[in-house]
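Enquirer: There's a structure below that I have some questions on.
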Amino acid sequence: MTSPLRNDRFLRALRRQPVDRTPVWLMRQAGRYLPEYRATRKAAGSFLAMAKNPELACEVTLQPLRRFPLDAAILFSDILTVPDAMGLGLYFVEGEGPKFERPVRNAADIARLGVPDMATDLRYVMDAVSTIRRELDGSVPLIGFSGSPWTLACYMVEGGGSKDFARVKSLALNDPAAMHRLLEVTTDAVIAYLSAQRAAGAQALQVFDTWGGVLSPAMYREFSLRYLTRIARELERGDGDGDARAPLILFGKGNGLHVADLAASGTDAVGVDWTIELGEAARRTGGRVALQGNLDPVTLYASPEAIRSEVGRALDSYRDGNGGSREGHVFNLGHGMSPDMDPDHVAVLVEAVHALSAR
Ligand code: CP3
């Protein structure tokens, strides 16, 4: 039994339906900037121990919602759970970020990869989704997520983060057939992963193409957009225009050049960063999709006055590019929050979005 949704602003905005205020949530809204997150993480022992424990994943998902009147919750997990379940061995080195014990380097490594079993290998994620959905009790909708095939491939081939993505780009240039096999199997895994999250209770689904913007336009179309489009076409989201359908958001860093192509992919919404004006993105997508974004996260280091003014600028840019209407806008940052941000400034941001967008 699930309770009816009491705040459906976020889902309505994704469907481009009228809302009383522009909905807002923040990428990485659960994280180290919150002292209660740091306490839970310390008690759990590590980030992965926390993410793999459904009760703790639920606790940290709810923490930002207890502080701020956010309009959506996002599953606390990581995009790298999928390659981990494909056998790559995810681990974290303090201060260095994620790493894989067994990166994918050549055609033979790629040939060994398969789609993980969602009911066993990724059971802990589905258990977290159903636990969070139950605990939210209809207060706000729950977003499930995955990495994009290209962004997952970046970590799988590099073995961790990278400055120049030389290994993964070299693989794409030297052996495009092998790269496409890697992206095909990863796309199948992403589709299965998002479908399972939806079945477990996720009410919207976001794909993070964090590293699409490091590609030339031609390589972006071949190695990222093609697979985002396959996800948007094939992912089963449910019928109709009501709450039973889980809308899809394709977010990408540096995807401003490609918003028209993304809007034509079959997605419900496109998430953009701050390097494109929201109004410009709205003009280029012509009302075909909802838009999400796009405040520069660094704005959160600025004064409350500067935060309010930048929030107002982003809201009005969207409205002006969207024919004078605020409909179809989900407010967010253009990328995730950082550990040293001040929770009081987050409160200012959320309050400003709701106050300045009231209809
Ligand atoms: O938005 C949310 O609140 C949901 C949680 C979430 C996390 N990771 C938690 C996390 C989401 C949506 C992600 C996605 C993710 N993970 C992405 C795509 C989004 C983006 O930011 O571009 C990427 C590239 C990753 C890979 C990853 N995982 C990185 C680069 C890091 C940071 C490493 C570090 O030490 O800074 C992680 C770990 C991670 N994932 C943390 C959190 C809160 C920090 C872990 C900790 O507590 O130490």
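Just so it is clear, glycine is given a Cβ too, placed from its N, Cα and C backbone atoms.
Pulled from TrEMBL, these are the listed features:
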DOMAIN    23-32  domain 'Uroporphyrinogen decarboxylase (URO-D)'
BINDING   R28, Q29, A30, G31, R32, D78, Y155, T210, H335  substrate binding site
SITE      D78  site 'Transition state stabilizer'
DOMAIN    143-159  domain 'Uroporphyrinogen decarboxylase (URO-D)'
Enquirer: I'd like to know which of the recorded positions listed (R28, A30, R32, D78, Y155) lie near ligand 1, counting only a CB under 6 Å away.
Expert: R28, A30, R32, D78
Enquirer: Starting from each candidate's C-beta and looking 10 angstroms out, tell me which of the recorded positions R32, D78, Y155, H335 has the most other C-beta atoms.
Expert: Y155
Enquirer: Please report the Cα separation of R28 (substrate binding site) and D78 (site 'Transition state stabilizer') in Å, rounded to an integer.
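Expert: Cα to Cα, R28 (substrate binding site) and D78 (site 'Transition state stabilizer') are separated by 10 Å.
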Enquirer: DSSP secondary structure for R28 (substrate binding site), reduced to helix/strand/coil, please.
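Expert: SS state of R28 (substrate binding site) = coil.
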Enquirer: If you run through the domain 'Uroporphyrinogen decarboxylase (URO-D)' (143-159) with DSSP, how many residues end up as helix, strand and coil?
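Expert: Secondary-structure composition of the domain 'Uroporphyrinogen decarboxylase (URO-D)' (143-159): 10 helix, 5 strand, 2 coil.
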Enquirer: Among R28, Q29, A30, G31, R32, D78, Y155, T210, H335, which the record lists as binding substrate, how far apart in Å are the two most distant Cα atoms?
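Expert: Maximum Cα-Cα distance: 23 Å.
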Enquirer: Between R32 (substrate binding site) and D78 (site 'Transition state stabilizer'), what is the CA-CA distance rounded to a whole number of Å?
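Expert: That separation, Cα to Cα, works out to 14 Å.
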Enquirer: Which residues does A30 (substrate binding site) neighbour through Cβ under 8 Å, counting only same-chain ones at least six apart?
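Expert: Correct list: Y37, V60, T61, Q63, P64, I74, F76.
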Enquirer: In whole Å, how far is D78 (site 'Transition state stabilizer') from H335 (substrate binding site) when you measure between their Cα atoms?
Expert: 15
